[in-house]
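Working notes, beginning with the structure itself.
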Amino acid sequence: MIALEKRPTPSRALSLSTPLIAVIITMIMGGLLFSVLGKNPIEAIRTIFWDPVFGEFAFYYRPQLLVKAAPLVLIAIGLSLGFKAGIWNIGAEGQYIMGAICGAAVGLAFYPTESRLIFPLMIIAGALGGWAWGMIPALLKVRFGTNEILVSLMLVYVADQLLASMSLGLLRNPEGMGFPGSRNFSDFPAGSSWINEAAGLHWGMAFAFIAVIFSYILLNRHILGFNIRLTGEAPRAARFAGVNPTRLILFCLGTSGALAGLAGFFEVTGPSGQINIDFASGYGFTAIIVAFLGRLHPVGILLAALLMALTYVGGDLAQGNLGLPSAAIQVFQGMLLFFLLALDLLTNYRVVLKSKGAA
Amino acid sequence: MDLSAINPVLLIASLMVAATPLLLAAIGELVVERAGVLNLGVEGMMIIGAIAGFAISVETTSPMLGLVAAMLAGAVLSLLFAFLTQFALANQVASGLALTLFGLGLSALMGQSYVGIKPPAMAKLDIPVLSDIPVLGPILFSHDPVLYLGIALTGAVYWFLKKSRGGLILRAVGESHDAAHALGYNVIRVRILAIMFGGACAGLGGAYISLIRVPQWTEGMTAGIGWIALALVVFASWKPWRVLLGAYLFGGINVLQLNLQAAGIAIPVEYLAMSPYLITILVLVIMSADKSGAPASLGRTFHASQ
């Protein structure tokens with residue numbers, strides 16, 4: 001009879017290798033899914049995972065990977081802090097939207113002034129917008145004990161409506177001939193997040209790298225990071241050690257909100273270009289998968305975000321070349337999280353064969 | 001603005017229709033949570049139910065078969081969650097999220113060829129004589145059978161949890177899985193059955209949206225109703241009749257804001273549309289002070305070795 005035996009300590013080797021195994025199983029199952037959809041599975045997998053990096057037009061797709069990965073890294077780094085401490089912010093999508101709205105609004109207020117001071121101001125506004133949206137569930141949780149999962153998620157729908165209202169009202173381009181959407185930031189160099197558009201580099205990537213480094217230092221070299229990990233792994237011990245849960249909740253939700261806000265801000269002033277109804281693209285939810293796939297570890301998140309970006313870029317490619325529906329990629333990403341969670345079992349438990357009745 | 005365009009009789013009648021998907025999903029989740037499991041995948045199971053019910057009823061032209069298929073689809077999807085949390089001992093929050101993300105993707109994929117099709121209509125259950133009563137007739141006695149099923153289900157769940165032996169075992173498992181295990185009850189089996197019941201209810205609720213309330217298929221059409229259902233369980237302090245009350249309250253708010261949109265009130269449409277979500281937050285804040293109704297083992301992983 002198969003039984004599970006808890007390991008004294010989680011297996012390090014398995015903890016590192018399960019994400020890889022999960023990716024491989026997902027590729028196999030994804031291949032099956034694609035063949036059910038009437039596509040050649042090997043060709044589809046090759047188009048998604050190989051062509052954007054090593055294919056004929058890789059020079060075009062490689063910068064695209066960074067463009068897609070940057071917001072995922074920023075959001076997932078923030079989420080990982082909370083997830084480590086058992087604080088579940090699943091409304092990053094809303095914070096992403098609010099960061100974009102606030103940052104863009106400040107920039108558009110200065111249009112068409114050209115000054116070096118505008119962009120830093122916009123960055124601050126974007127981060128503050130996300131931070132404020134993240135602080136709502138945080139404050140409600142510490143003050144009233146409200147469930148942060150539900151509140152942060154409800155706020156996504158609220159932010160979505162605000163986005164629609166902004167792109168049809170306050171922030172609508174006065175010269176846009178009545179079409180919804182704000183001015184395009186490509187016409188406003190002082191407010192654009194591109195460093196070099198031709199090379200596909202924008203400031204969000206720089207900030208994503210900085211976030212990875214800071215989060216690494218925080219978690220490994222700073223008492224706050226230790227407290228976060230302690231609270232997640234042994235809440236009672238954390239209380240005895242004098243960890244202040246209120247401060248931790250405010251810090252984790254605030255930081256993840258600010259980072260998600262930054263991600264939205266860099267997206268709206270760069271790759272996306274304008275505030276519009278369809279600006280929200282689900283990065284806030286995909287980042288949850290990225291955070292888990294990266295084992296809530298900063299470097300892991302960086303790698304996971306690149307992989308997830310690959311599924312986006314490759315998915316687009318497969319949509320164009322093979323007619324693979326875009327929803328198939330979403331299913332693919334969801335499956336990845338399933339297999340990852342299922343395989344986690346092996347990290348913490350050992351599967352043993354027992355003769356019946358011995359226990 | 002013309003508020004007189006809002007007909008109170010129709011308003012209350014459509015309130016009951018708007019409340020039913022919420023009620024179905026929330027009553028299912030209530031049973032799951034009373035068994036000590038937090039399944040955040042309600043939204044995913046609902047949308048899978050919505051498309052499965054829609055597809056089957058279009059293919060077979062039978063709305064009844066569609067509803068059955070939706071329940072099956074919701075239950076099958078919930079089995080994935082049951083496997084992850086009960087056998088693979090995965091974190092319930094993460095697994096529930098995975099279920100929702102996966103369900104949203106899968107439903108979009110399944111629904112591609114069903115956009116813009118009208119499903120076969122569900123016959124209303126015009127109860128003879130009673131439905132002819134003025135005012136009360138159209139409000140209470142002239143609806144589709146699923147709406148009455150939702151109310152009956154609430155009563156059944158109340159009876160099951162409060163009066164039956166099975167309900168006692170289920171509550172024991174939810175309050176203290178270690179004690180229930182020590183008494184010889186199969187914690188895992190009870191929980192899996194509860195999760196499947198929750199999945200079937202969520203699936204039925206989803207199909208109610210796509211087949212009866214809207215009736216149409218659009219991507220992501222559940223639009224957070226699954227999440228509001230989760231909030232509703234907290235609102236109801238895990239008590240069945242309060243779920244019914246809460247569902248009608250939320251249904252009322254939703255119908256009212258839609259009516260106000262149609263009546264052309266001065267508030268912009270976007271702000272009216274966000275009101276159900278804001279009110280959900282408000283209600284959560286008010287109800288969170290009292291956590292005494294929450295099952296003690298809610299969200300905790302059970303393994304016999306610990």
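Each Cβ is built from the backbone N, Cα and C atoms, and glycine gets one as well.
All TrEMBL annotations are machine predictions without curation.
Listed ranges A:149-171, A:287-309; the one TrEMBL annotates as transmembrane segment is A:149-171. Between the transmembrane segment (A:327-346) and the transmembrane segment (A:12-37), the number of CB pairs under 8 angstroms, six or more residues apart, is three or more, so the stretches are in contact. When each of A:12-37, A:95-111, A:149-171, A:201-219, A:248-266 is checked for Cβ pairs under 8 Å to the transmembrane segment (A:65-83), A:248-266 comes out on top. Sequence-distant neighbours of the transmembrane segment (A:12-37) (same chain, 6+ residues past either end, Cβ-Cβ under 8 Å): 44-45, 49, 293-295, 300, 304, 307, 324-325, 328, 331-332, 335-336, 339-340, 343-344, 346-347. Within its own chain, the transmembrane segment (A:248-266) has Cβ neighbours under 8 Å at 70-72, 74-75, 77-79, 81-82, 85, 87, 89, 92-93, 95-104, 122-123, 125-135, 137-139, 141-142, 148, 152, 193, 202-204, 207, 211, 224, 227-228, 231, 283-284, 287, counting only residues six or more beyond its boundaries. Distant neighbours of the transmembrane segment (A:117-140): 89, 91, 94-96, 98-107, 110, 146, 148, 151-152, 155, 159, 190-191, 193, 203, 249-250, 252-266, 269; these residues of the same chain sit at least 6 beyond its ends, with a Cβ under 8 Å from one of its Cβ atoms.
Residues 88-95, 97-98, 100-101, 104-105, 108, 133-134, 136-137, 140-141, 180-182, 253, 275-277, 279-280, 284 of the same chain lie 6+ residues outside the transmembrane segment (A:149-171) yet bring a C-beta within less than 8 angstroms of a C-beta in it.
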